[in-house]
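Each remark here refers to the structure printed beneath this line.
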Amino acid sequence: MCVLAVVCAVAVATFRDFGMGWDDYAHAEYGGLLLRLYQSGFTDRRALSFVNLYAYGGGFDMLAALAAKLLPFPLFETRRLVGAAIGIAGLAMTWRIARRLGGPLAGFVALALLASCPLYYGHMFINPKDVPFAVAMLAATLGFVRAFSEYPHPSVPTTALLGLGLGLSFGTRVMGALAAVPAASAFLLIVVAEARRQGVRPALGRVGEFVLRLIPALVVAYALMALIWPWSVVSPLNPVRALVYFSHFFEKPWRELFEGELLWVVDMPRRYVPELFALTTPEIFWALGIAGVISALAAASHGDRPLNRRASLVFLAVSVVFPIAFTVVTRPAMYNGLRHFVFVLPPAAVLGGLVGSLLAARFGGGEGRRTAIVTVVLAVTLAHPIVSMIKIHPYQYTYFNAVAGGLQGADGRFMRDYWGLSLKQASQALLDALAERGELATRDRKRPVSICGPQRPVRLALGKNYPTDWQPQGGEFAISLNEFYCAKLDAPVLAEVVRDGVVFARIYDIRGRNIETLLTPLPP
């Protein structure tokens, strides 16, 4: 639990450092509209047609909006803190699942792996959809693991937990339907194993009894889904409509950088997700994760092992493998790195913890000796990602491992700050530079700023005396992300936001310069 305590302390000390992303403002508006839907007695129905966010659940956004009314922080800082709290809850559940299946050492390894994974840690502060979804799926996973261990008579607390997890999952993203595949795989294993041992009819009878006892979980799930995703119950078919809507790419395609090439997001290669997992998670994470999947499937194939444990292992292994395999086979639009696949990380960490515990058992000796050995090994293998997380703070989500050559090796080859978080620090750098020169804006002397990137973070950081625009004409200064779509300007550089030798954003003085656009010309 020391790991959780450290993460909590660091989160409380640093949550204000994380900036706003492209979608932050819209999500904050959605949360406010959902609150007004309930406060108005369902007469203010704007939330049910707000851009396309009505097709997502708004549990996180509502929770953050409520928290902002109670906590002494601005709204967007509160959103960072609430996100961190949800991410830490995910760490705790990861530890609990691994400990339940493999003992204290497995729980410790799983927790250490996930807590030191920059992809998970970085997103838990900034991502209002994918991390809450990952944690919701994790709650459902814990519910299933408990249900399998109590098969065929799941307890009331287990049924309630499963309903909570499923409701939060579906109520956050309709992709919660993905839980059906690992659940079906585990059920199939149970039915086949019991049919061989006891006959088909008794096996089906026990499965039927199990399913009947889980029906209350579906009632809880539906009620919770309705609470945090009210549009889903306006019409009984709305969840299906959302599933159809998200099953095809609904936006105008754009290009992103992958392997040094500008590719349309609808034309990304099949290797996109597997390759980025190999490059953007610590080597020990994916090494133990892969070994954990193989070990879990191998253990599940042994008929002499307890059936409930085998079912849980199959559930976890399929939870990791299926989403990646499905993406490789179907090749949907892929973009923004692996943010849509954050939910795969916790079950991978659990399996990594289980196999790590098994490897430690080979050393022999008492539990204390094994724990000491594992602690030393983890300290050595996780030193690089932890040091990197410190160096690139608060942009942990942009991490690349040593296989990729680190952040410097990925520079110019892959997308990094695709959410534009560095504009918070860039805005502060502009203010510092102007203060040093005695040129700060006033109510009577405004200083227009041109932006290549999301404008809302800059407006929030600079205030009303610094009007912003996409166009450089009329601007005195320019703040530009160092991504491929932002041009390098022929103008004096006032400051740069740099982490680990890589430029994230630049601040230019464009006064007296004839600059036509802040964007890089791209081929048709």
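In case you wondered, yes, glycine gets a Cβ from its N, Cα and C as well.
Noted in TrEMBL for the protein shown:
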type     : residues : note
TRANSMEM : 47-68    : transmembrane segment
DOMAIN   : 63-194   : domain 'Glycosyltransferase RgtA/B/C/D-like'
TRANSMEM : 80-98    : transmembrane segment
TRANSMEM : 104-121  : transmembrane segment
TRANSMEM : 161-190  : transmembrane segment
TRANSMEM : 210-231  : transmembrane segment
TRANSMEM : 284-301  : transmembrane segment
TRANSMEM : 313-334  : transmembrane segment
TRANSMEM : 340-360  : transmembrane segment
TRANSMEM : 372-390  : transmembrane segment
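With a threshold of 8 Å between CB atoms, the same-chain residues lying at least 6 positions outside the transmembrane segment (161-190) that come near it are 55-57, 59-60, 129, 132-133, 135-144, 146-148, 151, 154, 203, 207, 214, 216-229, 232, 239, 242-243, 246, 300, 307, 310-312, 314-319, 322-323. If you look at the transmembrane segment (104-121), the same-chain residues 6 or more away from its ends with a CB under 8 A from one of its CBs are 3-4, 6-7, 87, 90-91, 94-98, 131, 134, 280-282, 284-285, 288-289, 338, 342, 345-346, 349-350, 352-354, 356-357, 360, 367, 370-371, 374, 378, 382, 385-386, 388-389, 392, 396-397, 399. Count of Cβ pairs under 8 Å against the transmembrane segment (340-360): among 210-231, 284-301, 313-334, the largest is for 284-301. Helix first, then strand, then coil: DSSP counts for the domain 'Glycosyltransferase RgtA/B/C/D-like' (63-194) stand at 115 helix, 0 strand, 17 coil.
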